[in-house]
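*Asks:* The structure's right below; bear with me while I get my questions together.
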Amino acid sequence: MIIPVRCFTCGRPLGHLYPIFKRRVLAGERPGEVLDSLGVYRYCCRRTLLSHVEWIDDVLAYERRS
């Protein structure tokens, strides 16, 4: 839902890489090559970035209002 700040497994900071990763993948680059060029080689960190889904806008539609 919210961009992961750190890898869930090893704790490496990843939050600063996600906007770059997303922009380049949407521009048509292959995700694996983008991660390699960003220096993300551990499979746990790659998983964290590759599997992230932005659902925050969908979840906010169900926000309770007092």
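Even glycines carry a Cβ here, placed using N, Cα and C.
Take a look at what Swiss-Prot says about it:
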BINDING   C7, C10, C44, C45  Zn(2+) binding site
*Asks:* Within 10 angstroms of the C-beta of C44 (Zn(2+) binding site), what count of other C-beta atoms is obtained when all protein chains are considered?
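*Replies:* The answer is 13.
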*Asks:* Given the Zn(2+) site residues C7, C10, C44, C45, which other residues of that chain have a Cβ within 8 Å of the mean position of their Cβ atoms, reported in sequence order?
*Replies:* F8, T9, G11, R12, L14, R42, Y43, R46, R47, T48
*Asks:* For a quick check of packing: other C-beta atoms within 10 Å of the C-beta of C10 (Zn(2+) binding site), how many?
*Replies:* 11
*Asks:* When DSSP states are folded down to helix, strand and coil, where does C44 (Zn(2+) binding site) land?
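*Replies:* Where C44 (Zn(2+) binding site) sits, the three-state DSSP reduction gives helix.
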*Asks:* Of all the binding-site residues here, C7, C45, which one's CB has the most other CB atoms within 10 A?
*Replies:* C45
